[in-house]
Amino acid sequence: MNNTHSSVLNKVAYLILHGFDKSYRWHSRITRDAQQRFEQALWQETQKAVKERIAIYERTLADAVGEIYQQVFPHQENNQFWFDLKTRYQKILSDHPQYELAETFYNSVLGRIFKHQKINDEMMFIMPTRCYLAGLQRHLVVHSFDTSGTVRRMLEDIFSQYHFDIAFQDMQRDLQHLDGALRARLNREQLASVHTVEMLKPVFYRSKSAYLIGRICMPDETLPFVIPLSIAEAETSGEKHKIVVEALLTERQDLSVVFSFARAYFMADTQHPAEVVAFLHELLPHKKKFELYIALGLYKHGKTVFYRNFLAHLEESNDQFSIAPGIRGLVMAVFHLPSYGVVFKIIKDEFPESKKITRQHVKDCYKLVKMTDRVGRMADTHEYVNFRLPRHRVEQALVDELLDCCASSIELTDEEVIIKHLYIERKMTPLNIFLEQQPDPALITSALNDLGLCIKQIAAAHIFAGDMLHKNFGITRGGRVIFYDYDEICYLTEREFRTLPKSDDPYAIDTLSVGPTDVFPEQFEHFIVGKKHLKQELKALHGEIMTAEYWQHMQAQSLKGDVPDFIPYNQAKRFVN
C-alpha cells in the first residue's frame, strides 16, 4: 500500500468517525437537557427536542458525505479502496465507547455514497465485527445498593444517587408509598433474600414523565424495580415545580408496556449504550435488542441490529414470504414472512381516485408519525431502501402482486427480489380479523372499548387518524389496539369538523358543499366497524367520537398547546390518582 493511498484512507476514515462523534455529541446534548425540560415542565420544548434529535442523524450524515467528496472522488475508487477503508476504520474504533453505533454510521455513509447499491460485508459492517461481552462495563452504567439494612434506608440510598435541581413534593410520603408497595409485592422471606438492588445511572425521560429503572436481585428470581416520576407544577410563577413519585413497577409486563414499540423514544443520557441495552435486555428478555436501541432513540442502529437478526432468521427458517392476511390496502402492498414478527409495506405505484394523495404525501405522513409522541397507540415504522430478499423464498403470487401494483419499487434478479423502498412494522392481528374470529363477547367488547380509547388518545396527541376503518387497526397479544395505517393522518388543526345538516330530505346530503378538509364525525359510526351490533356497541362505549363537538373540543385543546399525560402502565399502580 503506497503512502498516498494510506493517507487518503486515514483521512476518509477519520472524517467518518468525526461525523459520527459530532452526531452522538449532538444527540447527547439534547438528551442531557431532558432533565432541565422535565424539571421546568417545558412540555412543548420537550416535543420539539424529540423532533430535533431524530433529525440530527441525517444532518450529520449529509455533512460527513459532503466532506468526503471534498477529499476523494468515491466512484473513481476501486473496490479494494473500500475494503481497505473498512479495515482502517475498524482499527481506529478499537477503544471507542460507542463502536457499534459508529459502525452503523459508517454503513450509512457508504450507503449514501453508493445509493445503497453495494451492500456486502467486505465493504460494510453488515455483520458486527466483535461480540459484545455484557457486564464488563456494568459499573459505568449501574448503581448497586446494599440491602442489609431496612427497605427505607435502601430507598433513601437510591434517591441520594440521582441529582435533581428541584425538590420532591413530599419525599417522606413517597418513601412510605414505595416501602408499602415493595412489601406488598414481596413476602418477608423474599425481602430477606434480596442481596442487591441495581439501578441504571441514566434517568429515562419521555413526555411528562421520568423513570428510574433497575432490578431487585434474589437468589432464585430477579424482578424489575422501576420508579416513575412526574412533576407537580407550581401554582404561582415564584415557586418551583416539585417531583412526585408516581408508582413502583415490579412486573415485567408493566415494564414491557413502558418500552412499547408504539411509544415515543426515551431520552436517557449514556456514553455506553451497549451496556445499557444489555442490562435492559436482562430485564426484558422477550424484547429484541434492536427494539431496545430504538427505544433509546438510537433508531438507526436499531435498524442495523434488526437487519442482522433478520438475516440470521432467514438462515434458520425455510418458510416463504407471502401476501399478508387481511383486506388489501388501497395505498400499500403488505407482505410478511409467517415465522417472523414484522410486516413489510411498500407504497403502490397508483392509488384509486378516492385517495387524493401522492407518494410523497404518504412518506410525509409516515415521517410525521416518527416525529410524534405515539402515545402507545401508533406503531413505529422503519424505512429501508434496496431491501433484498432471496427470490427462492418469495411466493410467486407475491412476486406477481408486487409487479402488478409496485413495479417501480421492485427489481428482480435470478437470485433476489430487491425492494427499492419499504417500511417495516410490528406484526399484529388486524382488528377486523380479530372481531370476526373472536368467539368471546367480553373480549370483543374489550377490543371495541380499546378501539375507542385508541382514537381518543391519538386525538389527545393532536393527531387525526384519518382513515379509521377497523382494518387499519391491529390488536397486540396483550389486547391493546394500535393504529398502523398512516396515509391520511394529519394534525387535528388541519381538518374542519362539521355537523351534518338536519333535513327530512333524503337527498340533502348529496347537495352539501364539502371542502377538501371537511370531516363529518356523525358518519364515523357507519364505517369504523362493519356489523350492525358492533356499530351499536362502539357507539354506546364511545359515542362522543361520532360528534363534531368532541373533535372541535380536541382541536381547541391542541390550539392551546395542552400536552396531556399519557401514563403507559396500569392506572391502578399509581400511588395518587
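Note that Cβ sites are derived from N, Cα and C of the backbone, with glycine treated the same way.
Per Swiss-Prot, active site is recorded for Asp380. The ATP binding site annotation in Swiss-Prot covers Ala324, Pro325, Gly326, Ile327, Arg328, Gly329, Leu330, Lys345.
Swiss-Prot feature annotations superimposed on the structure.
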| residue | record | Cβ contacts under 8 Å, 6 or more apart |
| --- | --- | --- |
| Ala324 | ATP binding site | Val334, Phe335, His336, Val343 |
| Pro325 | ATP binding site | Pro430, Ile433 |
| Gly326 | ATP binding site | Val334, Pro430, Asn432, Ile433, Lys471 |
| Ile327 | ATP binding site | Pro430, Asn432, Lys471 |
| Arg328 | ATP binding site | Val334 |
| Gly329 | ATP binding site | Asp485 |
| Leu330 | ATP binding site | Lys348, Phe351, Pro352, Ser354, Lys355 |
| Lys345 | ATP binding site | Met332, Ala333, Val334, Thr381, Leu422, Tyr423, Ile424, Glu425 |
| Asp380 | active site | Phe261, Ala262, Ile294, Val369, Lys370, Arg374, Glu425, Arg426 |
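According to DSSP, Lys345 (ATP binding site) sits within a strand segment. In three-state terms derived from DSSP, Leu330 (ATP binding site) belongs to neither a helical nor a strand segment and is classed as coil.
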